[in-house]
Amino acid sequence: MAFDAPPTFSSKDAVVCRGVGKTWAAGTRRAHNALTGIDLDVAPGEFVVFLGPSGCGKSTLLYLIAGLEDATEGQLWSFGDLVDTPSPERSLIFQETSLFPWLTVWENVSFGLSIRGAGKEERRSVAAEALQRVGLKAAMDKRPDELSGGMRQRVAVARALAMRPKVLLMDEPFAALDVQTRARMQDFLLDVWRDSGASVLFVTHHIDEAVALADRVVVFTSRPGRIKTIVPIDLPRPRNLFSREAEELRIRLTDLLRDEVDRAFAEQEALAVTA
Amino acid sequence: MAVVTRDGEAAGPAAGTSRPAAVSRFYTGMLNLEWLTKAWWTILSISLFAGIWELCWAFGWADPKLLPPPHIFLGNLAEQGKFFNTATRWQVGQAMNAGPSAFESVMITVGATTARVFVGLAMASVLAIGMGVLIRYYHFFDKLVLPTITLLSPVSPIAWLPVAIFLFGIGNAPAIFMVVVALFFHMVLATVAQIDGVSPNFINVARTMGASKRQIYGRVIVPAILPGMLQVLRLNLFGAWMVVLVAESTGVGYGMGQVIMLARNTFNPSLVFFTIAVIGVLGFAFDWLLRQAQRRILYWLPDTKEKLRGL
Ligand SMILES: Nc1ncnc2c1ncn2[C@@H]1O[C@H](COP(=O)(O)OP(=O)(O)OP(=O)(O)O)[C@@H](O)[C@H]1O
Ligand SMILES: [Mg+2]
């Protein structure tokens, strides 16, 4: 090649991964291959759930798609553009709480708008609407440290929604919630997803949650993370989660996941013996 | 039915307003009480220290000529005050008893020293925080200046004293220069350490929202390091008080350092302890002020101290 033209990808899919891998601390003694050989296409408006044993690289993949970290193998595209920096079109909800303690709840939610230079009126009204959707409008003027863990996570969801992203990346957003709140948040997320037409990539450890939400479930192998299988969930929406089909899917996913978790633990024990 | 409900609602807010008022009055009372206990403990702590000293004197273990106890060195303010604000007194044509009174002299001297501490601390903070942020903001700046700053930061302020005099002669300038130079290098390193300690998650959130580098620094890094920086400032306030005395001992017209020097040269232990007492009270007062400011500005910090006390 005469010059390094930026690689392009013709597909207008929301997310395209080709041979994507990530080695943390590459080139050092502490190098750790977290993820390798990921090929994945996510259509616009699709709901994809990532399922896999702890430490298999699900968060890492979301970081790569968000553009927060550079892939050490392969390349990613979003709507035909190479992913090399973060973009407000791809919002990430982090696994750990990440609200700014020096801002009130509504200022946190409208942080992205203030970056764009929006006025206070607009910011407050957008924040109010987003908080309304997560049932926290009353907590608008509170500070994050006055909220419970689950409430903080809902504020983080509202903050991501306020950006009106085309791709919503969610890293175990409902892990800290009780069963009832979680169910409500799932319904609410499905509403938002339908209204916005955004693609959602959602990490969870709960098989029920995967079956309730996903168009497709991506099951990962343990270290380094690879795609083991992709299970389509062809249940009509709104879903009856007590149907026989739903039950069969849950059993299938449980089996797939159990094999991987067993393998991960066996590997760890083998490592402990040799060490 | 509707009327009854409306009445019920009307009664609700009325009851609601009177109760928070009572609660808040109760809290102010509590706070005052807390303040009082705190003051009591402070007085107790100081009395204990002074009491032991007085006892040593009473038993004849502490020679009053070398270690005069508090009642002696605090006893004669007028006598001690004579040695403060020597600036006008030694001038040609001034009578020994002309010029400001003892109390005024102490106040003028204290004011002059305090002003040097504050100007020095403010200049050092602004320069150091600016430099620290620049070091992290521009990579080339980091490589260019950080080695030199690290090299200079262990140099004792005493070593800068001749430099201060070469550069600025005598007067306010060398004293302020001393304070600045003694604090600046540590504060730069502290600022850099604070920036490096900011949670990467905060930065990632701002990046996904499309924040530019400048916005990340202005809206995330600066507020995130503020608690740590105020702590650094508080510790350096004490540092500034220590350095200013050394700087003033060289000759600045008038100042606490000069008084200590005079006391040393004329063998006057009472004057030394009197000056130490004044410095202690000032340092305590300014630390208290800064702590109040810290509480106001950093309303979001958790109260770990209370938790530790409950253990
Ligand atoms: N910043 C980092 N630096 C070095 N190694 C990292 C970093 N982040 C993650 N890793 C490593 O990469 C691997 C995958 O981590 P990742 O957080 O992606 O797992 P995960 O699938 O999200 O796990 P969980 O379900 O427990 O959240 C882990 O072994 C972890 O130790
Ligand atoms: Mg994770």
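Glycine residues also receive a Cβ, built from the backbone N, Cα and C atoms like all the rest.
According to TrEMBL, the features are:
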- B:39-62: transmembrane segment (TRANSMEM)
- B:102-290: domain 'ABC transmembrane type-1' (DOMAIN)
- B:117-138: transmembrane segment (TRANSMEM)
- B:144-168: transmembrane segment (TRANSMEM)
- B:175-195: transmembrane segment (TRANSMEM)
- B:215-233: transmembrane segment (TRANSMEM)
- B:240-263: transmembrane segment (TRANSMEM)
- B:269-290: transmembrane segment (TRANSMEM)
Query: Do any residues of this chain, six or more beyond the ends of the transmembrane segment (B:39-62), have a C-beta under 8 angstroms from a C-beta of it, and if so which?
result: 68-71
- prompt: Most CB pairs under 8 Å with the transmembrane segment (B:117-138): which of B:144-168, B:175-195, B:215-233, B:240-263, B:269-290?
  reply: B:175-195
Message: Can you tell me which parts of the same chain pack against the transmembrane segment (B:215-233), counting only residues 6+ beyond its ends and a CB-CB cutoff under 8 A?
response: 121, 125, 129, 133, 136-137, 187, 190-191, 194-195, 197-199, 202-203, 205-207, 290, 293-294, 297-298, 301
Query: Residues sitting near the transmembrane segment (B:269-290): Cβ under 8 Å, six or more positions beyond its termini, same chain?
result: 65-68, 70, 72-74, 76, 80, 83, 106, 110, 114, 117, 230, 233-234, 237-238, 241, 245, 256, 259-260, 262-263
Query: In the same chain, who gets a Cβ under 8 Å from the transmembrane segment (B:175-195) while lying at least 6 residues past its ends?
result: 116-117, 119-121, 123-125, 127-129, 131-133, 135-136, 146, 149-150, 152-153, 155, 157, 160-161, 163-164, 167-168, 221, 225, 228-229, 232, 236, 239-240, 243-244, 246-248, 252, 255, 257
